[in-house]
Amino acid sequence: MASHLSFLALLATTTWCCAIASDPSLLQDFCVADKMSQVNVNGFACKDAKDAVVEDFFFSGLRVAGNTRNIQGSAVTAANVVQIPGLNTMGISMVRIDYAPKGQNPPHTHPRATEILAVLEGSLYVGFVTSNPNNTLISKVLNKGDVFVFPKGLVHFQYNYGTDNAVAIAALSSQNPGVITIANTVFGSKPSISDDILAKAFQVDRRTVNWMQAQF
């Protein structure tokens with residue numbers, strides 16, 4: 001009998017742990033982010049629902065083309081909980097990405113979101129790389145109206161190989177998906193990662209690592 005009770009207790013504990021490990025469902029119509037709140041929570045505290053206004057659910061920024069005059073030749077305009085407080089707890093956000101000819105959204109990951117991207121104008125070469133040990137490149141050329149999915153956490157990129165500007169819009173499965181640009185993170189961290197570590201990891205000499213770090 002005692003062994004059965006122990007098993008049931010273990011099962012209940014395991015089920016409870018799994019239940020709290022994922023995001024809970026909404027318990028109200030919405031939870032508009034109160035960015036002035038001093039309460040520390042995973043996300044943002046809610047402001048009183050009666051204080052919600054239409055602007056909490058609206059953002060006009062995606063109608064404006066981003067400035068692609070930069071070294072990557074691209075611009076990402078986000079529409080997440082920072083721009084739209086009403087997205088708090090909703091688990092979704094969007095971005096607009098503008099690409100100059102030969103511009104790219106360089107290899108990066110979103111640690112908290114899967115991304116689905118649609119091409120609005122132009123053509124893009126896109127892809128992602130699977131995790132170790134295979135590191136398989138899954139890539140394709142997209143044209144206007146095409147859609148592509150980048151799985152959560154995997155390194156991915158987009159490149160405008162054409163001679164005209166390109167525009168894409170993407171939805172992400174988090175109110176705050178985060179972004180880790182690989183080159184900036186590895187070579188531009190503050191303080192810097194030891195050049196000995198990077199030289200061994202990338203199988204190059206320290207002088208090459210120092211030159212790469214100087215670019216960031």
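Note: Cβ is positioned from N, Cα and C throughout, glycine not excepted.
As recorded in TrEMBL:
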type: BINDING; residues: ASN105, HIS110, GLU115; note: oxalate binding site
type: BINDING; residues: HIS108, HIS110, GLU115, HIS156; note: Mn(2+) binding site
type: DISULFID; residues: CYS31-CYS46; note: disulfide bond
type: DOMAIN; residues: 60-210; note: domain 'Cupin type-1'
type: SIGNAL; residues: 1-19; note: signal peptide
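Around CYS31 (disulfide bond), the C-beta neighbours below 8 angstroms that are at least 6 residues distant in the chain are PHE44, CYS46, ASN88, THR89.
Here the CA atom of GLU115 (oxalate binding site) lies 12 Å from the CA atom of HIS108 (Mn(2+) binding site).
The average pLDDT the prediction assigns to the domain 'Cupin type-1' (60-210) is 97. The Cβ of GLU115 (oxalate binding site) lies under 8 Å from the Cβ of VAL149, PHE150, HIS156, ALA170, ALA171, LEU172, SER173, PRO177, each of which sits 6+ residues away along the same chain. With a cut-off of 8 Å between CB atoms and residues at least 6 apart in sequence, the same chain places PHE150, LYS152, GLY153, LEU172, SER174, PRO177, GLY178, VAL179, ILE180 near HIS110 (oxalate binding site), listed in sequence order. With respect to Cβ neighbours within 10 Å, the binding-site residues HIS108, HIS156 differ, and HIS108 shows the lowest count. Cβ neighbour count for CYS46 (disulfide bond) (all protein chains, 10 Å cutoff from its Cβ): 20. Excluding HIS108, HIS110, GLU115, HIS156 themselves, the residues of that chain whose CB lies within 8 A of the CB mean position for the Mn(2+) site are, in sequence, THR109, ALA113, PHE128, PHE150, LEU154, VAL155, PRO177, VAL179. Compute the center of the Cβ atoms of ASN105, HIS110, GLU115, which mark the site for oxalate; besides them, the chain residues with Cβ within 8 Å of that center are VAL95, HIS108, THR109, ALA113, LEU117, PHE150, HIS156, ALA170, LEU172, PRO177, VAL179. Listed in sequence order, GLN72, SER74, VAL76, ILE97, TYR99, PHE157, GLN158, TYR159 are the same-chain residues at least 6 apart in sequence whose CB falls under 8 Å from the CB of ASN105 (oxalate binding site).
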